[in-house]
Amino acid sequence: MTQDEMKKAVGQAALAYVQPNTIIGVGTGSTVNCFIDALASIKDQIKAAVSSSEASTARLQALGITVVDLNDVTEFDIYVDGADEINPHMEMIKGGGAALTREKIVAAVAKRFICIADATKQVEVMGKFPLPVEVIPLAREYVARELRKLGGNPVYREGVITDNQCQILDVHGLQITNAKALELVINQIPGVVTVGLFAQRGADVALIGSPDGVTTITK
């Protein structure tokens, strides 16, 4: 299978976790787009979706899937999203698509996080993929200085404004051996909206696409 075929395979496999007449949390990115396309085939069997980005909302609505505001939902069963990296502890780096804050919020409300990814995203130690940090524009340079103190090399992602009207710093050069601790430390820096570490709330199930098919990993 090609990488695109692996993404389609895990998107299709995630449908097995969708229960009838429920609300589905939907992430953002190319792999999630494959899930959204697959979800359209059973759209009459679900209540609605909660979306983590304007891009996913547009795709869902274009396929005739109702999107509801997270503020109108108390909880829902599953949140389906991709990852830029995922380690054996089911901790992830996310935010390559700049939707990390809304993704983290929607994931927090879901009972279960279903991560869908191709095998190239599996790593033993996270950090080769630059760690995204969403920041208030006023604080960008201050946050960058603090991130350098942690051993990282933050690079401003020029030309990108998040759905929250904030900016992204991509932190290169980290070897993340304690993701839970680093997530807390970075989130405490004034001016940080959130860091793209999903460790405090990691994945419960990972559907990993490879040339041999889809492998299911559970926490």
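Cβ coordinates come from backbone N, Cα and C, glycine included.
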Next item on the list: According to Swiss-Prot, THR28, GLY29, SER30, THR31, ASP81, GLY82, ALA83, ASP84, LYS94, GLY95, GLY96, GLY97 bind substrate; identify which of LYS8, LYS121, LYS128, LYS149 is listed for that same site.
Entry: LYS121
Item checked: Greatest C-beta neighbour count within 10 angstroms, which of the binding-site residues THR28, SER30 -> THR28
Margin query: Rounded to a whole angstrom, what is the C-alpha distance between GLY96 (substrate binding site) and GLU103 (active site, proton acceptor)?
Written below: 12
Next item on the list: Could you say whether, by DSSP, LYS94 (substrate binding site) belongs to a helix, a strand or a coil region?
Entry: coil
Check: So which other residues, same chain and not among THR28, GLY29, SER30, THR31, ASP81, GLY82, ALA83, ASP84, LYS94, GLY95, GLY96, GLY97, LYS121, have a Cβ within 8 Å of the centroid of the Cβ atoms at the substrate site?
Finding: GLY27, VAL32, ALA117
